[in-house]
Amino acid sequence: MAKIEKNAPTMEKKPELFNIMEVDGVPTLILSKEWWEKVCNFQAKPDDLILATYPKSGTTWMHEILDMILNDGDVEKCKRAQTLDRHAFLELKFPHKEKPDLEFVLEMSSPQLIKTHLPSHLIPPSIWKENCKIVYVARNPKDCLVSYYHFHRMASFMPDPQNLEEFYEKFMSGKVVGGSWFDHVKGWWAAKDMHRILYLFYEDIKKDPKREIEKILKFLEKDISEEILNKIIYHTSFDVMKQNPMTNYTTLPTSIMDHSISPFMRKGMPGDWKNYFTVAQNEEFDKDYQKKMAGSTLTFRTEI
């Protein structure tokens, strides 16, 4: 059983809606030790599809792409509910829901699309045992850091980031919910050699969405027409999703996400980090990156 430490000291907290709990040293939003045991004991089915990401790496974007693929490009079906209510997060309970997402998963029939921010070593064993297909999306760490900072500012259930300088230090040391970005992307990169994992990059999807969506279709063994493919590309573009209340989270109460502080969907363009990092921070980040990623074959683009 993973080692659990509740309310680990990661960051100052706003009025609390989520507890921060360390699981094997990884800060998570797990409700309790008892709830973590339920997550660990989750029984996946072979046709369950898992979407795994580090926070702020394109989860909502990929969720919409997968939902449209699974619904053959039917736009109205994909507007049946807002993103958080269409498919569940394995380990989370959101403030606007009466019960944890896992309970919704257990009530629904397969096949299911299930989301998670867990690192690979904390994934319930049944997902590996049942050989579930997993789509993993990785985003370059500089843009991920900036996006995560703004998310902390606008989401009341996240710890107060204080300022960018302090958040930068905590992100670099892995003292944020989700843990170390470096460990997360490397862990899933290694796992892909042993399991059915399609490992995608945020920047690649942004640069050539058609090519990357075709990879997903092949992975899922799904055939669609060129017309439907183009429809999916259009409706999952940043500009369209930003205006779609079923994907931009504006239907949530401002007490949960305050878009007047920062919109959930801000820019979505690789390279925004350059508007925030100082020269010194960038140099420090690059040095730390080289150290932590030494020996890995993973490469990231910080702009396109």
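Don't overthink the numbers, they just go from 1 along the chain as shown.
Note: Cβ is positioned from N, Cα and C throughout, glycine not excepted.
What Swiss-Prot annotates here:
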ACT_SITE  His117  active site, proton acceptor
BINDING   56-61, Arg139, Ser147, Tyr202, 236-241, 264-268  3'-phosphoadenylyl sulfate binding site
BINDING   Lys115, Thr116, His117  substrate binding site
Expressed in Å to no decimal places, the gap between the Cα atoms of Thr59 (3'-phosphoadenylyl sulfate binding site) and His117 (active site, proton acceptor) is 9
Cα distance (Å, whole number) from His117 (active site, proton acceptor) to Lys267 (3'-phosphoadenylyl sulfate binding site): 22
About how far apart, in whole Å, are the alpha carbons (Cα) of Lys56 (3'-phosphoadenylyl sulfate binding site) and His117 (active site, proton acceptor)? 10
Excluding Lys115, Thr116, His117, which residues of the same chain place their Cβ within 8 Å of the centroid of the Cβ atoms of the recorded substrate site? Leu51, Ala52, Thr53, Thr59, Phe89, Leu90, Glu91, Leu92, Ile114, Leu118
One should report the C-alpha separation between Thr116 (substrate binding site) and Thr236 (3'-phosphoadenylyl sulfate binding site), rounded to whole angstrom, as 20
For the binding-site residues Thr59, Thr116, Thr236, work out the Cβ neighbour count at 10 Å and name the residue with the minimum. Thr59
Indicate whether Thr59 (3'-phosphoadenylyl sulfate binding site) is helix, strand or coil by DSSP. helix
Long-range neighbours only, meaning 6 or more apart in sequence with Cβ under 8 Å: which ones does His117 (active site, proton acceptor) have? Ala52, Thr53, Tyr54, Pro55, Thr59, Phe89, Glu91, Leu92, Val177, Gly178
Across all protein chains shown, the binding-site residues Lys56, Lys115 give the max Cβ-within-10 Å count at Lys115
